[in-house]
Amino acid sequence: MRPPRPPRRPPASRGERCLLTELVWTVTLLLTVASVGQGEENIDCYRWEDKGASYIGTVNVTINGIVCMRWDVQDPWTHQWDPSNHPRKNLTSNYCRNPDEGDGPWCYTTNPDVSFEYCNVSVCPNGQCMNLSPLCGQSPGWPDPALCTTNYVSSNCQEFCGGCSCDTDPRGPCQNGGTRGGNPNNYGAHTCDCNCPAPWTGDLCDACTVTCFNGGVIDQTTCSCQCAPGYYGDDCSETCKNLDPKCGASPGWPLTSMCSDYVLDLCPEFCGTCSCDDDPRGPCLNGGSRGGNPALFGDDTCNCNCPGNWIGERCEFCGVHCANGGILDPVSCTCACADGWDGQFCHQPCIDSNPLCGVSPGWPDDSMCGTDYVMEGCHAMCGVCSLAEECTDADSGVIYLKGQQWAKHDATNQHTMLCTCLGPDYYVCEDVPDWNGP
């Protein structure tokens, strides 16, 4: 309940300032002040409910010790709170007041460099758990609870210093991870208000104020956004794509085990921060998958990443042409090369590229093919490809291999030829298209 205000003094313009009137005024004012102070240990404290709007004490210095300026003067500061214009605000002498719904009693100062400050007035003891000074938990002020060993700090920062409890607040428990106590969100407010973790708000942290973009849906249980495919972020405002070409690359960050700190921020799609599983274009085919390192940096990283030789928006097409008589397997999108040919597209002769294959010292037989570098250098010996049939020139006895290149000279040109075996002792060498040398 707001304390009664002193009755208003009669206007001076009436000229009726008899001794009796002045005596009645003085007595009435004293009785009023006395009634306000009943039951309180100190008249120079203010009620937290109205932030000191009803305060009529006599403190006249600020929290930094600056003497207050009188309300009825305009020097050194010009202001609107002249007592004659606001007779109900109790703007007496140079006492601290709160005429404008501030956070507590304040005053204009006599310092020409400081216009106003809050005053060093405590909240009246009323059994509520609260801090009594705006300096509690603040810097400059008393930011560290270790300062609570000082009597002055502990008495003015009851709640910050753990001197009181909010566990039995009549408003009920805070919800969704909110807690009562600790440094208040706003000085002047009841410090047993719930301190709500983002994004929860409300008196009991029961209001969700999240906005989800790009088709995201609010989960009211967690107050979080469930993002549509291709988007991520707290509000689904960020497109699901990697932001650096080094994501999943070498040199760069080739492994998802590197997904921490700035890599996680730069590679949300590679690191699995966002998901493309429900893309409206439908599932990827032939082992393709959405997500992971994009095939092309800068493109939508929810495109299908196609394995092997598969291509297309959903990996539905085989992008292989088999050369030199190779046969395409449409199920696996791979080439089965003809004898004598090797490579992904059957464009290389089946040979051993390393001179150590099949020799000793070296790698004399296929028992050595379990070693990676032997297998890589000895495709023919290790059976990665199949050797061609041998053809023997019946006239010269020269042995050729099916698919072997050789040179044929005539009067004008040298041609590269390919040998085709027609029988066990006969060969034919045909011109290779698209090659013609001097």
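Here the Cβ of each residue, glycine as well, is placed from N, Cα and C on the backbone.
Under the heading signal peptide, TrEMBL lists 1-39.
Across the domain 'Kringle' (51-124), the DSSP tally of helix, strand and coil residues reads 3 helix, 15 strand, 56 coil. Annotation source TrEMBL lists domain 'Kringle' at 51-124.
Per TrEMBL, the feature disulfide bond maps to CYS68-CYS107 (among others). For CYS68 (disulfide bond), the count of additional Cβ atoms within 10 Å of its Cβ stands at 23 [all protein chains shown].
Less than 8 angstroms from the CB of CYS96 (disulfide bond) sit GLY52, TYR55, GLY57, VAL59, ASN60, THR62, CYS68, PRO105, TRP106, CYS107, CYS119, VAL121, each of them six or more residues away in the same chain. Annotation comment: TrEMBL describes CYS96-CYS119 (among others) as disulfide bond.
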